[in-house]
Amino acid sequence: MSEKYIVTWDMLQIHARKLASRLMPSEQWKGIIAVSRGGLVPGALLARELGIRHVDTVCISSYDHDNQRELKVLKRAEGDGEGFIVIDDLVDTGGTAVAIREMYPKAHFITIFAKPAGRPLVDDYVVDIPQNTWIEQPWDMGVVFVPPISGR
């Protein structure tokens, strides 16, 4: 990855609210399925904005086996996704998104960020990100003091 895109808590909340406004009226949704772990925080923000209390998770792990990347479903929400929003923070190459689509073919699948390779796999997203860009999410960063350049 050659570039970095830094996401602040404020930016994340603004993007989540933008997605929530597109999902109105909220009564059309039975609940939210957050993809662990990246979709947990966006899922909580959406649940708040839409007044949705039924929140579930799907937990997927990727691991290397004979130099191939495989996905393992650790936990899934029941059903085919009808009436549910499935949310993740990002769609990148589309590997996880393909698995989600297979598990929940009737769900409305959304992300905050989308890279070109995965973009066709989601129903909605907020921010376009170049494929070679690494996203630094606020939950992966700490706030630290940075001394002035002058040293004074």
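Any Cβ shown, glycine's included, is placed from N, Cα and C.
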ARG37, GLY38, ASP88, ASP89, LEU90, VAL91, ASP92, THR93, GLY94, GLY95, THR96 bind 5-phospho-alpha-D-ribose 1-diphosphate per Swiss-Prot; candidate in ARG22, ARG53, ARG69 listed for that same site = ARG69
Request  = Please report how many Å separate the Cα atom of ASP89 (5-phospho-alpha-D-ribose 1-diphosphate binding site) from that of ILE135 (GMP binding site), as a whole number.
outcome  = 10
Ask   = Measuring Cα to Cα, how many angstrom lie between GLY94 (GMP binding site) and ARG69 (5-phospho-alpha-D-ribose 1-diphosphate binding site)?
value = 12
Request  = Give me the non-local Cβ neighbours of ASP92 (GMP binding site): same chain, 6+ apart in sequence, Cβ-Cβ under 8 Å, ordered along the sequence.
outcome  = LYS115, ALA117, GLY118, GLN131
Remark   = ILE135 (GMP binding site) to VAL91 (5-phospho-alpha-D-ribose 1-diphosphate binding site), Cα to Cα, whole Å, comes out at 11
